[in-house]
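Data block below; observations after.
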Amino acid sequence: MPPFGLLHRRAWASLFGQLLRPSGLVCIGEVHFHSQGTRDLSPQQMVVREKILDMVIDCFKRHGAKRLDTPAFELKEMLTEKYGEDSGLIYDLKDQGGELLSLRYDLTVPFARYLAMNKVKRMKRYQVGKVWRRESPTIVQGRYREFCQCDFDIAGQFDPMIPDAECLKIMCEVLSGLQLGDFLIKVNDRRILDGILAVCAVPQSKFHAICSSIDKLDKIPWKDVRHEMVAKKGLAPEVADRIGDYVQRHGGVSLVEEMFQDSRLSQNKQALEGLGDLRLLFEYLTLFGIAEKISFDLSLARGLDYYTGVIYEAVLLQTPAQAEECLNVGSVAAGGRYDGLVGVFDPKGHTVPCVGLSIGVERIFAILEERMKTAGLKIRTTETQVFVATPQKNFLHERLKLISELWDAGIKAELLYKNNPKLLTQLHYCEHMGIPLVVIIGEQELKEGVIKLRSVASREEVAIKRENLVAEIQKKLSES
């Protein structure tokens, strides 16, 4: 796996296949913005984006997920108060018919609403779609107001921690497959966090506010978090210090066992349940061969209100030298267990336990785009396999018949939209666009019943019988 911040052509060639070409192609360009926090994506950017999404979706399918889609907007009442402090970031819409609507904030709440509305008790689903957040965008970190999410979720009543372990395995597979460099997945449990706050004597009314402060520990030091808790959120200094003793700790399964022995925490029922589940989770992660990628991190809080159990977040690891040359994008994947959310939408309050993850494709895309610009790599914007050319005038009809034959055989083909193009212009176009093969038809070829097949890279030409052309092209393409 290449180190973070470096890009090896061989690794990228394996990832992007024939899309990377050695020369003569267009580089990924600068991003141009319209309304703040949104952007157009160029053909070059879309090629990279599609490859990332294809890899993520292939992984989701490998784990047996079905695809689901939900509307871009929901009834406002369905979204409000589901995200805690972040509910203020929801985009509201005014409907001419009087319905109060909002653009979806994520793909999780619409999924829970779908399960409740359709009385679905068990489902393994994935969804890829745009979501919207009314916040100040940080473009250099891959943060936008409109962005794409890739979610995988398992809904249903199952034995503890088996689906949760699979979600973490999927996260590892995706991040390893994208060759982003070394990464770490932080894991915690909301029940452990709530237990810590309870035994540290934090008033129940302040739990959410203090959790949101703890969640900043990956960005700012403990002394600043402590100051926020005490000065801005009214927590007693000694209570903040007790919290600090816990939330600055991280480790593996040994830390879970250590927490079991903690005299204060072991008195809290919620915390004990969370620790028991984490012990079991680490057992399954070891069997999946990914335990070394997981860190039990007591500072992980995950701001969203709907999480009820295990929570996790993946971050890329960087050396100090790499940090200077790379984007600081924060977490690149996250998720957790939300057992109560479906019940919020069900008229009778029937719940469906759920656990899931979301891949931060925009942040991943920002990293890969920056690396490709730095390395000067060039990519193809089309997948054209064959170009139909002629060296002579008045051969448009023959070219049209020939290209139609290729299209009908499922071959990706192009020609120039001119009656009488110059051969050199046609060959230059193939080199510029990275098209590997050219078929050439002229008077001599027509007379002899053959077609010339030319390799753009080597410039070698062979004459092939017209009736064998499709088979020969398919053979050549399979060899490349």
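Keep in mind that glycine also has a Cβ here, set from the backbone N, Cα and C atoms.
Caution: TrEMBL annotation is automatic and unverified by curators.
Taken from TrEMBL, the feature L-histidine binding site covers ASP106, LEU107, THR108, ARG133, GLN149, ASP153, ARG302, TYR306, TYR307. The domain 'Aminoacyl-transfer RNA synthetases class-II family profile' annotation in TrEMBL covers 36-391.
For the domain 'Aminoacyl-transfer RNA synthetases class-II family profile' (36-391), the predicted model reports an average pLDDT of 89. Among ASP106, LEU107, THR108, ARG133, GLN149, ASP153, ARG302, TYR306, TYR307, the residues given in the record as binding L-histidine, the maximal Cα to Cα distance rounds to 21 Å. Within the same chain, residues at least six positions away from GLN149 (L-histidine binding site) with a Cβ under 8 Å of its Cβ are ASP106, LEU107, GLN127, VAL128, GLY129, LYS130, VAL131, SER358, ILE359, GLY360, VAL361. The local packing around ARG302 (L-histidine binding site), expressed as other Cβ atoms within 10 Å of its Cβ over all shown chains, amounts to 20.
If you draw a 10 Å sphere around the CB of ASP106 (L-histidine binding site), it holds 20 other CB atoms from the protein chains shown.
The Cβ of TYR307 (L-histidine binding site) has ARG190, GLY336, ARG337, TYR338 as same-chain neighbours under 8 Å, each 6 or more residues away in sequence.
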